[in-house]
Amino acid sequence: MNKQSINIAQIRREYTHKRLRRADLTLEPMELFERWFRQASTAQLLDLTVVSVATVDQTGQPYQRLVLLKHFDAKGMVFYTNLGSRKAQHLAHNARISLHFPWHALERQVMVLGTAKQLALKEVMHYFSSRPRNSQISAWASSQSSLIDTRDTLVSTFLKFNNYFHQGKVPLPSFWGGYRVHIDSMEFWQGGAYRLHDRFIYQRIASGWRIDRLAP
């Protein structure tokens, strides 16, 4: 190793931004998520909607990737993808999924566990029609997760579809869609001094939500 390599064991800082107390909690987890989301938006966090999505393949091997959250409400959280992608293939045989929001600037993170269900065509078409035209073209151009020789291959395919759809609206590809994550549990983490972080977990039960504090 280079003598001037970074000593990562000594990289640390104290988390002193805020506390999370039981009195701060809401009855429903999505209400607290919306509050934190608005606070993150007010703080102008970069890439606010970026979320890490974890799935597993048929051998149990986990995979993660970053996607963009496109909607959330009491019914769950929504993201869109190529239905031939690795994540979509995983969800086809195991719909269990985990989402992670890393809002480092606010010393916060949110972890979601749930089940992903494919969106109805009408909802997908409504969102696809709102995308910028180049994003619509890229949905056609990329066979997500497949092997390609060079970036030039991808660009060439993009230009081909850009020319093909040069007039009128870009249609929705049959292989493109979205998922709604129906939430079973949601954990809220607020960094604390001396590593005494605040963690609360909401878990769905028959009568609503059970809320517990977790040790850091």
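Cβ atoms here come from the backbone N, Cα and C positions, even for glycine.
As written in Swiss-Prot, here are the features:
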type    : residues                                                                          : note
BINDING : ARG12, ARG13, GLU14, TYR15, LYS70, TYR127, ARG131, SER135, ARG195, LEU196, HIS197 : substrate binding site
BINDING : 65-70, 80-81, 86-87, GLN109, 144-145, TRP189, ARG199                              : FMN binding site
Of all C-alpha pairs drawn from the substrate-binding set ARG12, ARG13, GLU14, TYR15, LYS70, TYR127, ARG131, SER135, ARG195, LEU196, HIS197, the farthest apart lie at a distance in Å of 43
Between GLN109 (FMN binding site) and HIS197 (substrate binding site), what C-alpha distance do you get in Å?
11
Can you tell which of ARG12, ARG199 has the least company, meaning the fewest other C-beta atoms within 10 angstroms of its C-beta, among these binding-site residues?
ARG12
As a whole number of Å, the Cα atom of ARG12 (substrate binding site) is distant from the Cα atom of ARG65 (FMN binding site) by 25
Neighbour tally for LEU69 (FMN binding site), based on other Cβ positions within 10 Å of its Cβ
17
Cα-to-Cα gap, HIS197 (substrate binding site) vs ARG86 (FMN binding site), nearest whole Å:
34
ARG65 (FMN binding site) -> DSSP, reduced to three states, gives strand
Out of GLU14, ARG131, ARG195, which of these binding-site residues is nearest LEU69 (FMN binding site) by C-alpha distance?
ARG131
Mind telling me which of the binding-site residues ARG65, LYS70, ARG131, ARG195, HIS197 has the densest Cβ neighbourhood, counting other Cβ atoms within 10 Å?
HIS197
Restricting the comparison to the binding-site residues ARG65, VAL67, ARG86, which residue's C-alpha is spatially nearest the C-alpha of ARG131 (substrate binding site)?
VAL67
Which secondary structure state does DSSP assign to ARG86 (FMN binding site), in the simple three-class scheme?
helix
I'd like the number of other C-beta atoms within 10 A of the C-beta of VAL67 (FMN binding site), please.
17
Could you work out which of the binding-site residues (GLN109, SER145) has its C-beta surrounded by the smallest number of other C-beta atoms within 10 A?
SER145
